[in-house]
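Novice: I have a structure I would like to understand better, so I am pasting it below and will then ask my questions one at a time.
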Amino acid sequence: MGKAVLLQLLLGALAVVLSASLVKAEDPYKYYTWTVTYGTLSPLGVPQQVILINGQFPGPRLDVVTNDNIILNLINKLDQPFLLTWNGIKQRKNSWQDGVLGTNCPIPPNSNYTYKIQAKDQIGTFTYFPSTKLHRAAGAFGGINVYSRPRIPIPYPLPESDFTLLVGDWYKSSHQALQKSLDSGKSLPFPDGLLINGQASTTFGGDQGKTYMFRVSNVGLSTSLNFRIQGHKLKLVECEGSHTQQNLYDSLDVHVGQSFSVLVTLNQPPKDYYIVASTRFTRRVLTATAVLHYSNSHTSVSGPVPAGPSFQLHWSMQQARTFRWNLTANAARPNPQGSYHYGQIVPTKTIVLANSAPLINGTLRYAFNQVSYVNPDTPLKLADYFNIPGVFTFDAIQSVPSGSSATLATPVLPASLHDFLEIVFQNNEKTMQSVHLDGYDFWAVGYGSGQWQPAKRKTYNLVDALTRHTVQVYPNSWSTILVSLDNQGMWNLRSATWERQYLGQQLYLRVWNPTQNLANEYNIPSNALMCGKAVGRHP
């Protein structure tokens, strides 16, 4: 055998070995330890109890890269059981780590749980917050920014820097007092104010002529918001993990649980400008301001705060229809977003969910299709895994409104892995709704007024609708989503308006394949907490 041939064979073998090692190489790991405690702060000028993470309010920001593995040890130093959920992180094949009461036992006081989650095939702007009781009203929320891998291009020049803005309504009352009010059958009062990053006012600085990314999330309990920056255009580039068509806006509505990213170029005369968030569709308008400070500014903000849009529901719905998928951009993977032609897939099932606010046993509840969800002591995921009877039922809720009397139950909708669902959210109330689905993003294909009918499908956007994890439903209107069930597990579908979630406007979607293997779903974690009827069981 000649030397050249031998060398060629050796190089070929080396390439095979290197290729194999690259395939087996694990994605990076990031380790965190977070301690949850009470503290006293004055977000609206009045001392009140808040929930801190590592002494911070809001909590620490998680900055990760696509496919990073996050190992996060959460230590609960509160006097109540506690959980965090990761709003928009899909938990691929791993609803065990979703951090809601249907999948996880809450962490007891003076105990801990280590989450093991992965930002698998995702980019974008997300949040985390407490899923237990009314803890969300006291803090412990924060931002999650998932950045693209260096080799995956993004469809805009890299900004000079980015800022995370956690905006939301806020109460001066404690979370215990708010919970007591709900437990007594009373709705929550109107919020006392708005906060930006846990403060009534803060400052973001930059250099004239440069472009910055603002990652904005509505982390409030109940109120839709409008976001704007005085004298500056907002270029929408990302929404809950999707690259968008890059339209320019004077202001943007962001509903409860939603997030977006905009690019802002500091192209105005050097001075300070208002950053404004204000409530939408409320009789009394609450406003929070921050400051955009040019580094060469010698002029403070002055004059009236820029007003929000004077137009209401129709304007907002029209704006929502302008949010479009960037079909040619890559997301977390090299293939373009538009390579998945969702509009050509025939749904395997249509589900229509109508929200309502019934009185059950004389007490205010909220419901989907007249079924108000009750949290059992045993997480549904554990009951399903250990075949524990009597925890939930598949027939408690119908897939279309039936007109029956309102009831209390623990409803689970069954579905098969790889089903493709059309879900219509019908809002016959006079209040704004916001609905979130864990484990997935979905195509928000249609918004309309009045009652949904099959003929409304003609109005769907079946070409470049945005994918997101939370959709708004306007008063006396409907919204439709399409979702590809490619993620096995037990997934929470809930009102993002926390009062409504707490009082029953939620259910679970069980996505199942009878062939059980690691290609479909990961095993139960070895550190899974046991509670309720699962006490004494072993993973």
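Every residue gets a Cβ built from N, Cα and C, even glycine.
A TrEMBL annotation is a machine prediction, not a hand-curated record.
Per TrEMBL, domain 'Plastocyanin-like' is recorded for 36-149, 162-297, 377-515. The feature signal peptide is assigned by TrEMBL to 1-25.
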Novice: Within the domain 'Plastocyanin-like' (377-515), what mean pLDDT does the predicted structure show?
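Specialist: A mean pLDDT of 97 is what the model gives the domain 'Plastocyanin-like' (377-515).
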Novice: Treating G and I as helix alongside H, and B as strand alongside E, what does DSSP give for the domain 'Plastocyanin-like' (162-297) in helix, strand and coil?
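Specialist: Across the domain 'Plastocyanin-like' (162-297), the residues distribute as 9 helix, 69 strand, 58 coil.
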Novice: Using DSSP, tally how many residues of the domain 'Plastocyanin-like' (377-515) sit in helix, strand and coil.
Specialist: 18 helix, 60 strand, 61 coil
